[in-house]
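This report refers to the structure that appears directly beneath it.
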Amino acid sequence: MKTSTALVLLLALTATSASSGDHQFIDEQNIMNVAEGKNVISSLSSSGGGDDAAAIMESVLVNGGNRKMVFMMVSGSQANCIPTGQPCGVLHQCCDGNFCTDPFYGTCTVKHCVPKGQPCGVLHPCCEGMCPDPIYGTCR
């Protein structure tokens, strides 16, 4: 969960166009703190603290960030998820636990699992346990 959150937050960072290097540094620092599970206290917030996502959203919006990206950061990927058979990617995640065949130009596919003794990898997860190798593993 933290990895996907960090990825979305880092993509939000690249989508921003800050007017000052200081603001960009604040965004990077906030994003890294959230990725590490730390509480973010935004200097922009009038309340002096609070929800991590709200602090980052406010910071990104003040610095000219992408509103769609901020919405995804706050609402999660299921708010505007992509149904099975439709184009997907990092910014357009699949619904109901299905997976995307490619991070940029993929298609939402029904999630399936591989039984013990069969080849597994990132796109072919094991039904029981973890795949020992992300590309050329065998389910144990």
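Backbone N, Cα and C define each Cβ position, glycine as well.
Cross-referencing Cys88, Cys113 with Swiss-Prot gives Cys88 as the cysteine bonded to Cys100, criterion being a recorded disulfide. Cys120 is paired in Swiss-Prot with Cys131, the candidate among Cys108, Cys113, Cys131 named as its disulfide partner.
Local packing around the disulfide-bonded residues Cys94, Cys113 was summarised as the count of other Cβ atoms within 10 Å of each Cβ; on this measure the leading residue is Cys94.
A strand conformation is recorded for Cys94 (disulfide bond) in the three-state DSSP classification.
Cys131 (disulfide bond) sits 26 Å from Cys81 (disulfide bond), taking the Cα positions as reference.
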